[in-house]
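Some features that Swiss-Prot has for this protein:
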- 1-25: topological domain 'Cytoplasmic' (TOPO_DOM)
- 26-45: transmembrane segment (TRANSMEM)
- 52-70: transmembrane segment (TRANSMEM)
- 71-78: topological domain 'Cytoplasmic' (TOPO_DOM)
- 79-96: transmembrane segment (TRANSMEM)
- 104-123: transmembrane segment (TRANSMEM)
- 124-129: topological domain 'Cytoplasmic' (TOPO_DOM)
- 130-149: transmembrane segment (TRANSMEM)
- 165-182: transmembrane segment (TRANSMEM)
- 183-462: topological domain 'Cytoplasmic' (TOPO_DOM)
- 218-445: domain 'Histidine kinase' (DOMAIN)
- 221: phosphohistidine (MOD_RES)
């Protein structure tokens, strides 16, 4: 898959993802908490607060929420700039409340982390950096300039400067850490979501191709008799019109076109007959079907199929599941792309498992990313090697992820490794020296039960 500027999976395009309703609900929660804190602090704790100014600050949020609720539709999506402005308003309103209520002597100064965390989850990194810098600036301002908290006896509440500095430093570190951490988590979630979408699209495409093949096969079967009739009649006309060359040539053209239609339908429906007998096949045939698009690409593809201890001499008959064929095909494509000359595909079976191994004679996986192979958007081989072996190709790092996801959906376990030490010299490396992928299924997840019915008998009405 190619990452294009207008592609559905373009990860850099994240505008219009957040609904205005979501931020409105969060703001209502903040308003309720602020009102509760102000009332409890003034009425029950006996701290004298400038209630008028405090209620004015909270009222600004209430007015903004009411206007947003009645002016804009509930399903309104926010652009990057609009979301930034809303979060800046909330950050400024909270900082003003801190200015009125003691600055860093107010433990609720910790809430200044909330807008930055939301930005890290929802907005891009530049917006989050801007919001974080403004938050640190406002926090520093309220640390030096604020109205003191006056207790009931008229004394002001103060804390040691060292404690105040420590609280400021803790919040600054929290802004930096939570901003980066929430951003990283959001990227991981979005990457996984995009990759799963790509996987589902690949599986749907494979399923649609299979369904289309079945439709074509049925059409070829239904059109067989009319085409045969056209061919027979045109042949008879050609014989009867032997003395009229012009008309005879027309009859010959009709016969040739009927043959062409037959050949086209036969070739299109060869792989798509939708009967249950064609939904299963020997392990070797299914592997060859998966490898077929990559056999003629200039690399030698060798198959080796054998039973292991306790396995039957005959190849197991397995289901031709689209996710199995497409997943194995992706693994074979990756091996062919990076092999020097040869790809080996081994099939092995026992009484309780089926295993396939795909090995190439390329450079193998970089040791630094072997543990991450199968994660979305990870380039699986060295960049310079990828460009030389796949010129003009700009992948998304989804090939092995799609293969791994599809095969695991079928019940398989995958493992990735290098067949040899990548730091060995050329003459020291064995023939099978590149990347190796092993896929193992339990027998009951893949093998067709012998002597099982192929399907329901069709009721014949007489």
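Even glycines carry a Cβ here, placed using N, Cα and C.
Each residue of the topological domain 'Cytoplasmic' (124-129) gets a DSSP state, and the totals for helix, strand and coil are 5 helix, 0 strand, 1 coil. Contact counts against the transmembrane segment (165-182), taken as Cβ pairs under 8 Å, peak for 104-123 among the stretches 52-70, 79-96, 104-123, 130-149. When Cβ-Cβ distances below 8 Å are used as the criterion, the topological domain 'Cytoplasmic' (124-129) is approached by residues 14, 80, 83-84, 116, 179, 183 of the same chain, each at least six residues removed from its ends. Note on the topological domain 'Cytoplasmic' (124-129): its mean pLDDT in the predicted model is 87.
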